[in-house]
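Enquirer: Annotations per TrEMBL:
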- 1-21: signal peptide (SIGNAL)
- 55-430: domain 'Peptidase A1' (DOMAIN)
- Asp73: active site (ACT_SITE)
- Asp294: active site (ACT_SITE)
Amino acid sequence: MPRIILLCLFLLAHAAASASAEGEARFGGGMLLPLRVQAVPPPANKLRFRHDVSLTVSVAVGTPPQNVTMVLDTGSELSWLLCNGTGAPRPAAAFDALASSTYAAVRCRSPECQWRGRDLPVPPFCAAPPSDSCRVSLAYADASSADGVLAADTFLLGGAPPAPALFGCVTSYYSATGGGGGGNGTDSSEAATGLLGMNRGSLSFVTQTATHRFAYCIAPGDGPGLLVLGGDGLALAPQLNYTPLIEIPQPLPYFDRVAYSVQLEGIRVGAALLPIPKSVLAPDHTGAGQTMVDSGTQFTFLLADAYAALKAEFASRTRALLAPLGEPGFVFQGAFDACFRAPEARVAAACPRLPEVGLVLRGAEVAVAGERLLYRVPGERRGEGGAEAVWCLTFGSSDMAGMSAYVIGHHHQQNVWVEYDLQNGRVGFAPARCDLATERLGSGA
């Protein structure tokens, strides 16, 4: 029987915040770590983790263990940590490789460097002589990038035994400023140490640790969340609706074969499906148009035809509830231009009456309703005395963001139990009260 590990998720505004392991509570054969939410002002020159909100977990790395905070990302493969020796200001919680007796840099002619990174967009490569190190270079959709060496050390999550794993020891990084009109262009917090890659690639954390199933439940706002790694502990989940993972055996230029790719079959607003051709929702001959479930992206992104249809229908259905912003040049974070202006109290009153948006998958659905449909743009006010805030629909344009795929972000996975079943090639979804689930597991009920 696989050991069950229960971990808490952080949902943070503007940044991933540091974790604390105090007050640990056991449940069955696993460990539940307490969750705290902390907003941290964004310092300069720190890598922005995809968008402005990240899910993070507390991990202990090395010997003796060093506590670090890592962004949980099902859309990335190689885990990485900011390491000492960056030559730039770095978080106080950066991993000190020199202080770990189990740390080992991977050599360039080793099998790990030569073939283990075959699924990465840029495979590991040998450093220029006389160095014998194996270099890694990582890039993300928001133009952020990280560079360093491939290394190995032990990772401890919850009460599980130490697990050896390869990761990127990042020694230089670049933060994209990002954001169009109205974007806040913030970077990640000083407390964020790295990223935990959870996709299906050969160097991902789940592949290296032979994790066949994992799940999470994200509570809205500042509530607690839960990550479950293991087997039988997932029997605690609610009744799930599963959708199969989409496999395309041949390499295609725009299809990510190690992503959690599912089939989007339609988008509904209220009870009505939008008139979007099925061909628009499926990958084309280049692989463009796949739908990915990604915990490393905040919001959901749709390709042009689907986005235009949703934007028009949502505006039509909410005309009596929300006033359009009326500024054609305003684009939040470079991809969100379905925006409105209204006082907070009016939006709070309107949210229960907003039409539910459903992402209809093969055998399952992700439903988005109420306050999860709108995001208040930080620092943007309109009207006399700034009485009105600016709000944008939490579905963005993939094309405007420079992506060729549909992406279901973690904002729309709030209060949803999401299970990744690698053994059976499927992803499961079920509505859940994630705060209550965390309390129940923590109390051993």
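First residue shown is number 1, and so on along the chain.
The backbone N, Cα and C atoms fix where each Cβ goes, glycine too.
Predicted automatically and left uncurated, TrEMBL annotations should be read as such.
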Enquirer: In the predicted model, what is the mean pLDDT computed over the domain 'Peptidase A1' (55-430)?
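Expert: 89, rounded to a whole number.
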Enquirer: Give the distance between the Cα atoms of Asp73 (active site) and Asp294 (active site), rounded to the nearest whole Å.
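Expert: Spelling it out, the Cα of Asp73 (active site) and the Cα of Asp294 (active site) are 7 Å apart.
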Enquirer: Tell me the Cβ contacts of Asp294 (active site) under 8 Å, same chain only and six or more apart in sequence, or just say none.
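Expert: Listed in sequence order: Asp73, Thr74, Gly75, Ala259, Tyr260, Val407, Ile408, Gly409, His410.
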